[in-house]
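Q: Right, I'll just put the structure down here and ask away after.
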């Protein structure tokens with residue numbers, strides 16, 4: 001009986017080792033190869049949307065007519081800018097110089113008007129104080145659409161020399177939206193004239209009739 005038990009104890013580790021070797025031999029030693037059909041395709045980033053493409057459902061004839069109407073409206077607007085004089089400080093002297101005979105703004109169709117209801121542009125020239133700010137906004141609200149604002153001089157742009165004063169607005173763009181900034185203290189007449197010409201270019205890029213058509 002002791003002999004049988006001894007033989008069984010010695011053979012058991014050998015049997016376990018043989019079964020383990022057989023199980024390991026059935027394992028895959030290498031990864032299966034991928035077929036060509038399962039290879040991932042390369043990712044292509046889509047391009048940005050085109051801003052010059054016509055709206056969907058708009059024919060070529062309608063697109064041509066709409067663009068010509070916009071061109072006609074922009075031509076009339078940029079050729080008849082009527083500024084509202086809002087001189088507040090020494091920059092107003094240069095604004096008056098620009099409107100005088102030497103530079104002759106009339107040849108550009110720019111005519112100063114005394115009433116905001118007859119104007120489509122406001123030239124804020126000078127230092128805007130906290131007490132004058134409500135009046136500026138009231139005059140701006142009386143102007144018909146479309147309307148534009150030119151900030152003339154360092155004081156109107158950001159407070160200028162009086163930036164840290166308790167009674168000065170640090171930029172008229174805190175009260176009304178500004179389209180053109182003319183730097184300088186004070187700016188020359190040529191600088192204001194250049195700002196008006198830039199405003200004409202900005203008006204020429206408007207697409208009011210197209211936006212109205214797509215509503």
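Cβ coordinates come from backbone N, Cα and C, glycine included.
According to Swiss-Prot, the protein carries these features:
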BINDING   90, 91, 155, 185  [4Fe-4S] cluster binding site
COMPBIAS  46-57  compositional bias 'Pro residues'
REGION    32-58  region 'Disordered'
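Mind running through what each feature is packed against?
A: When other Cβ atoms within 10 Å of the Cβ of residue 155 ([4Fe-4S] cluster binding site) are tallied across all protein chains shown, the result is 29.
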Q: Give the number of CB atoms, excluding that of residue 90 ([4Fe-4S] cluster binding site) itself, located within 10 Å of its CB.
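A: The Cβ of residue 90 ([4Fe-4S] cluster binding site) has 14 Cβ neighbours within 10 Å.
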Q: Which three-state DSSP class does residue 155 ([4Fe-4S] cluster binding site) fall into?
A: helix
Q: In DSSP terms, helix, strand or coil for residue 90 ([4Fe-4S] cluster binding site)?
A: coil
Q: Tell me the Cβ contacts of residue 91 ([4Fe-4S] cluster binding site) under 8 Å, same chain only and six or more apart in sequence, or just say none.
A: 125, 126, 152, 153, 155, 156, 186, 187
